[in-house]
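As structure tokens, the structure follows; a few thoughts come after it.
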Amino acid sequence: MGGNHYQTNEVERIGFITRVQSFSACHRLHSKSLSDEENRKIFGKCNNPNGHGHNYKVEVTVRGKIDRITGMVMNLTELKQHIEEAIMIPLDHKNLDEDVPYFADVVSTTENVAVYIWDSLAKLLPPSLLYEIKIYETDKNIVVYRGE
């Protein structure tokens, strides 16, 4: 046999899987640690007292060994279920500041939404499988968080 076949004694292969999910939510960028004037100056129109909304797009990427028997890094059905629990149920069609306890004292920037999603998914996934959370707040504003 030639040397190009995938054999059981070969080096383990590492793969990345990305699942894309969209959700809609509203929020207001406002820090309780700043005065109203400072909040207006820093956050501008995003500090509107009535808030504003986004159609967020989230890319959840996991990284791990490609299992020799199943051929998978992880079962996509499980990943979809974890995304439903960590993203869709708590965040979709919600006011982030009012409906999500985490944001009671944390400014609901997209950076902090990425941290929230990371922390929520990390509790559900096997250790060190979660690789990256990428959130498109708009087509032009994108945040990446890798657990650091």
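From the backbone N, Cα and C atoms, a Cβ is placed for every residue, glycine too.
Automatic prediction, not curation, is the source of TrEMBL annotations.
Marked as Zn(2+) binding site by TrEMBL: His27, His52, His54. Residues or ranges marked as active site, proton acceptor in TrEMBL: Cys46. According to TrEMBL, the feature active site, charge relay system maps to His93, Glu137.
Other residues of the same chain near the Zn(2+) site, with their Cβ within 8 Å of the Cβ centroid of His27, His52, His54, are Ala25, Cys26, Arg28, Cys46, Gly51, Gly53, Leu96, Ser108.
When the recorded positions His27, His52, His54, His93 are scored by other C-beta atoms within 10 Å, His27 scores highest.
Using a 10 Å Cα-Cα cut-off around Glu137 (active site, charge relay system), the recorded positions Cys46, His52, His93 reduce to an empty set. Looking at His93 (active site, charge relay system) and His54 (Zn(2+) binding site), their Cα atoms lie 10 Å from each other. Residue pair Cys46 (active site, proton acceptor) / His54 (Zn(2+) binding site) shows a Cα separation of 11 Å.
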